[in-house]
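Going by TrEMBL, these are the annotated features:
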TRANSMEM  35-55  transmembrane segment
TRANSMEM  83-105  transmembrane segment
TRANSMEM  125-142  transmembrane segment
TRANSMEM  154-175  transmembrane segment
TRANSMEM  248-267  transmembrane segment
TRANSMEM  279-298  transmembrane segment
TRANSMEM  318-336  transmembrane segment
TRANSMEM  384-404  transmembrane segment
Amino acid sequence: MSLTGKATLNAKTGMLSHSNQKIPTTHADEFGGPFGTLLTTLALPVLVLVLAHWAKKGYLDLFFFSDEDSRTIFCPSCDNLPLLLKCAAGLCAWFLALVILWALLPGLWVEGAPVHGNPNHRLPYKLNGHLTFWVVIGSVVLSRLPLNEYLYRYYENLAFADIALCFLLAGYLYISSFAKDQHGKPKVLSIVGNSGNAAYDFFMGRELNPRIGRFDWKQFCELRPGLILWVLLNYACAQQQYKVYGKVSGSMVLLNVFHAFYVWDSLHMERAILTTMDITTDGFGFMLVFGDLAWVPFTYNHPAKYLVHHDPNLSTPVLAAIFGLYVLGFYIFRAANSQKDMFRSNPNDPRVAHLTYMPTKRGTRLLTSGWWGMARKINYTGDYLMGLTYSLLCGFDSIVPYYYAVYFCILLVHRSIRDDVLCQDKYGKDWDEYKRQVPYRFIPGIV
């Protein structure tokens, strides 16, 4: 990948003006290439609806295609178009409300990572997701909204409408990536979604940082609409459990606390997202649009939906053990990420100045001690331990709630492989030496 020419940042709009920019053509080989990405684009929405069906049933119903109500699984609003439109309007209103909060609430403006590795080209980002979270949660709690009468009752309809809206947004982003920016220059493209194959680029994301003025689509969608909706869906499930059984179980309480805390922490540490692969490397296409806005809220909520009618009634000691595992996972996840972010921001900070590192020909430094000396993806290990507790809270009566544990394992392994390939291309022989110094990927001494 090479960049030539100059770029300037418009202080008022936050848009980059480019000249003579050259982005290499992408090799369409990730996710099985064009065919694999097309298949994934079509299969993931179906999987969301099937998972919702299984969570409601409480068991792995492999014969749902033969059910008389199979049509309601795959198209829950096909016989009620007004309801589908109402659900779509509600989701659009939710998105718009969060955009308004982004615009009106105070927030810190910071510069992101260098665009395509060029230290002179950075985009500004507004950080007020943490404040947005508390405004939304506070409003819901104080108003005592019966979310179960909306989010739980129309769960499948909302999921279907959300999926449809994701296709529309991804289509808009793909088409708009071919337009010129407000300066009449070509837009900045992603190095992973510029293959020339429509199906592949639609999925991977063609434009790197689609924006309207200073509003960054990708940064906004990454942490706000889907994540906060996930918390609200969980709360609706707890309300429904209380409505039906007159109590909220220990598993449901802990699950709500775990998920809400995870989302709160993500928004509290919003700045850290600016250096992740999602922001710096991936384009904003169907993969991230669907993942952020539909997959996260309507599949990460899967254990809570299962618990409404299939609670395992775990004992207090078991709940305490699961809580301890979550705390351990969170500590590893947050400590590792904070250490890396701190070192990148200020390597002379006394808290990280003692860490050893390996200089690279690119001028960057790769940590070889501390958390990152233990394993190259030690943060993923902590993240997975937290994810595992979500399934453990559902007991062992059914394999259905363990979808998340299996999926999350596959996701993190695949993501680590993608990152390894990109870093190999980015650092060359330096990456080989780094892997020699830090040989383990997830667990020190094991793997």
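Using the three backbone atoms N, Cα and C, a Cβ is placed for every residue, glycine included.
Because TrEMBL annotations are produced automatically, they should be read as predictions rather than curated entries.
Since the structure is predicted, the reported quantities are computational estimates derived from the model, not experimental observations.
The stretch in 35-55, 125-142, 154-175, 384-404 that contributes the largest number of Cβ pairs under 8 Å to the transmembrane segment (248-267) is 384-404. Scored on C-beta pairs under 8 angstroms, the neighbour of the transmembrane segment (279-298) with the top count among 35-55, 83-105, 154-175, 318-336 is 154-175. Within the same chain, residues 77, 126, 128, 131-132, 135-136, 150, 154, 157-158, 160-162, 164-165, 215, 220, 224-225, 228-229 sit at least 6 positions outside the transmembrane segment (83-105) and bring their C-beta atoms closer than 8 Å to a C-beta of that stretch.
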